[in-house]
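Peer 1: Can you read through this structure? Questions will come right after.
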Amino acid sequence: MSKLLVFGHQNPDTDAIASSYAFDYLAKKAFDLDTEVVALGDPNEETAFALDYFGVSAPRVVTSAKAEGASHVILTDHNEFPQSISDIREVEVYGIVDHHRVANFETANPLYMRVEPVGSASSIVYRLFKENRVDVPKDIAGMLLSGLISDTLLLKSPTTHASDHRVAAELAELAGVKLEEYGMAMLKAGTNLASKSEAELIDIDAKTFELNGNAVRVAQVNTVDIAEVLERKEAIEAAIREVMASEGYSDFVLMITDIVNSNSEILALGANMDKVEAAFSFKLEDNHAFLAGAVSRKKQVVPQLTESFGA
């Protein structure tokens, strides 16, 4: 077998980078695999903060597994092929570590697959370290903690599993940081949107979902001031229309999430706005609506859209 590439999803967030970085280390130590961690995009500002804080180099970015001479890959923090590497259907998926729904995915051969309904893929990777009795180095503990903090908004998201609180406490101790202090600093580092173009803003954390034959793009940005983001609404909508036309998305849903007050504004465009409105029981006005208490794409947006589009 050629070298195994380990990577998270496209437009990688902190959990995608952290879980793949840590699993690459574990694969070598516990399973004697010849792996290399790579990424399907550059780290965002939140992830860059974590990488810099713990002295970790960002994984190199690749666009094709076969171009790297790899015939087998390991996926972390995703399993759906539309969210993965461009030639995912041309290589063999050796393993998966994920905490999302399983969909748009199939393999010709059996594989190692660890999927749990917890707050982050990083939580699962940490558990794998413990199960295989592999010590967690400080930098890896820090990155795994960062992935968990990011995906659960410092354990405030409804996706947070009861076990995640213990995991976060243990990782914070191993990483030598104060959980709340480090967590808020990292999350705030990811809310600097002023320097982003509208095209960059809608692509910071975006995933494509195949919903009943529709390619639906669901993006999320975190902020401490929703009104400031909505001041750019017209330009954001223009960027959304442009990417919908170029990429063939039927619909685009942008979550603008207030990480302080735990609410989101939904900005949506596309061919199926009736289904979007039905999903959340709201009425879009000028393409947007307020969604109280919504902070999680995985639990509070995608399942609702999936049900509505499937109806």
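Placed from the backbone N, Cα and C atoms, the Cβ positions cover glycine too.
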Peer 1: For the Mn(2+) 2 site that Swiss-Prot lists with D15, H99, D151, give the additional residue from the candidates D34, D42, D77.
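Peer 2: My reading of Swiss-Prot gives D77 as the candidate in that site.
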Peer 1: List nothing but the one residue from D13, D15, D77, D151 whose Cβ has the fewest other Cβ atoms within 10 Å; the candidates are the binding-site residues.
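Peer 2: Candidates: the binding-site residues D13, D15, D77, D151. Fewest Cβ atoms within 10 Å: D13.
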Peer 1: Would you mind reading off the Cα separation of H99 (Mn(2+) 2 binding site) from D77 (Mn(2+) 1 binding site), to the nearest angstrom?
Peer 2: 6
Peer 1: Neighbour count first, Cβ atoms within 10 Å, every protein chain included; then name which of H9, H99 tops the list of binding-site residues.
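Peer 2: Its Cβ has the most other Cβ atoms within 10 Å: H9.
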Peer 1: What are the other residues, in sequence order, whose C-beta lies within 8 angstroms of the center of the C-beta atoms of D15, D77, H99, D151 at the Mn(2+) 2 site?
Peer 2: D13, A16, S19, T76, D98, H100, G119, S120, A121, S122, S123, G147, S150
